[in-house]
Amino acid sequence: MTPSAIGLLIFGAYLVAIVAIGIVSGRQQKNEADLWVAGRRFGTTIMTLGMMAAIMHGGSILSGVAFAGAFGGVAILPLMSFALGFLVILLFFARKLREIGACTLPDYMGERFDSHALRAFSAFVIAASSIVYLIAQILGMGLILEGLLGFRLEWSMVIGTALFIFYVALGGMLAIIWTNILQFMFMWVGLIIMMPAVYKAAGGFTTVMQNVEQVAPGWTSVTGTSWSWGYLLSWWLVWFVAYSTRLELLTKVFIARDSKAARYALPTTCLLVCIFILYGNLYLGGAARILVWDQIAVPDQAFPALSASVLGPLASAVALTGIASAAMSTTDSLLLLSGAAVARDFLRKSIHEPRGIVRDESYYLRVSRLTIVVIGAVSLAAALNTPVLILAIVSYAVAMVGATFFFPLLFGLTSPRTTPAAAAASAIGGLAITTVWTGFTLAEVPWAVTVHPIVPGMALSLALIVGLTPITSPAPTRVLERFFATSHDSQN
């Protein structure tokens, strides 16, 4: 049996399992809460597995190995950024986001700052940034399926996109949680299978670090093979803010049974993912630089090439299926967020309800599912024409989200004095400058490429929220009492 046939059989079995979960979960969708937050029914263990699958996705493995292989020691930055970003969620965001009973991030922005316009703007940002995220995830999944199934890259991307659109549109968050757990197990089986084979071919962690330094001088330094300290620090800021406002993580907070389950799941996830980053990115990236770097055309092909070089056809197929499934574990959350942003936050909460327009639950569920299909198709079309390194694409998406939401979240959840006008200016200004700077960066304007776009975006966002809060009016008392005086776990 050929490697492609083996890959097709294994991926086919996985496909059957995913479709079955989508169908079963779809039959349990009775209202919006079931679709978007899975009825808020999950405890610490399921939340931990779901969050780990959302973070340790195929893009993070594929692009992490590519990034580490290409640049070296700077790949350790996400480890520090991740830990500190998780700490911010744990200390400042998790309890109140769960207690207010929100379903989405635009929900928080609209309720905390008593603004339908800010809710609608936030929904737009979520949908737009999700498309950018999805481009990267679809690219990553396509590269993996290309190596697994032997299909052309374009067809591999189409197959993967069609699969996750199906089960997300049908099964919602409940399908996402259970498929995330299945994907998490598949992914770890794939990584564990690779561990002894890579060790045999390249040696242990210390040996790999020594050998890769000889192949690529500077690889083991903090700044890697080619980075400046300025860009290094701005890249660290990108991922710190990214993990503090990571949409997949904040969404998982909303599904918790209560705030206690959310708080306990976060540190457990943090510890396990830090271990994953050390092995799944730095070690495998170094091994790829030693073993297969001269065999690949672009860095993002490093993981499939490494898998093929150290494993037999069956084991390689299992490993690549695991990473392909992991790519879906983030993509599905982003698709659901997009559907909720358009159907619930924009159409229902920002347009219909303020005007007294009444629609039943099934109407918004249909709109959400249609949005999921449309955004998935748009992202696929863009991914088919995007040659940029996957991790670079993701960094621009997280920069947009971070510059928009980080300070309104941080100040809005910790200080009742933070005003709607200041939060709106902070969100809009941060997004605007980040988007413009990203355009200049992609155009390779010399002064723009010296720092990541998130740096000017965050600077302006902070200046606006701090500068405008003292001179503008706070939210109404009824709003502030909900966020700073009343516990809502008992009501939700």
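Each residue, glycine too, has its Cβ placed from N, Cα and C.
Heads up, TrEMBL stuff is auto-annotated, nobody curated it.
Just so it is clear, the model here is predicted, and its values are computed rather than measured.
Marked as transmembrane segment by TrEMBL: 6-25 (among others).
For 46-68 (among others), the entry in TrEMBL reads transmembrane segment.
If you look up TrEMBL, you'll see 74-94 (among others) marked as transmembrane segment.
The transmembrane segment annotation in TrEMBL covers 121-145 (among others).
According to TrEMBL, the transmembrane segment annotation covers 157-178 (among others).
The annotation transmembrane segment is assigned in TrEMBL to 185-206 (among others).
Beyond the transmembrane segment (226-243), the same-chain residues lying 6 or more positions past its ends with a Cβ under 8 Å from any Cβ of the stretch are 71, 74, 77-78, 80-82, 84-86, 88-89, 218, 249, 395, 398-399, 401-403, 406, 450-452, 454-455, 458. According to TrEMBL, the transmembrane segment annotation covers 226-243 (among others).
The transmembrane segment feature in TrEMBL is assigned to 264-284 (among others).
According to TrEMBL, the feature transmembrane segment maps to 363-383 (among others).
Panel annotation: around the transmembrane segment (389-411), residues 59, 62-64, 66-67, 88, 92-93, 105, 108-109, 112-113, 122, 125-126, 128-130, 132-133, 135-136, 139-140, 235, 238-239, 241-242, 244-247, 298-300, 418, 422-423, 426-427, 430-431, 433-435, 438, 452-454, 457-458, 460-462, 465, 469 of the same chain, lying at least six beyond its termini, place a Cβ under 8 Å from a Cβ of the stretch. The transmembrane segment annotation in TrEMBL covers 389-411 (among others).
For 423-442 (among others), the entry in TrEMBL reads transmembrane segment.
Per TrEMBL, transmembrane segment is recorded for 454-472 (among others). Long-range neighbours of the transmembrane segment (454-472) within the same chain, counting only residues 6 or more positions beyond its ends whose Cβ lies under 8 Å from a Cβ of the stretch, are 234, 237-238, 241, 395, 398-399, 402-404, 406-408, 411, 417-423, 425-427, 429-431, 433-434, 437.
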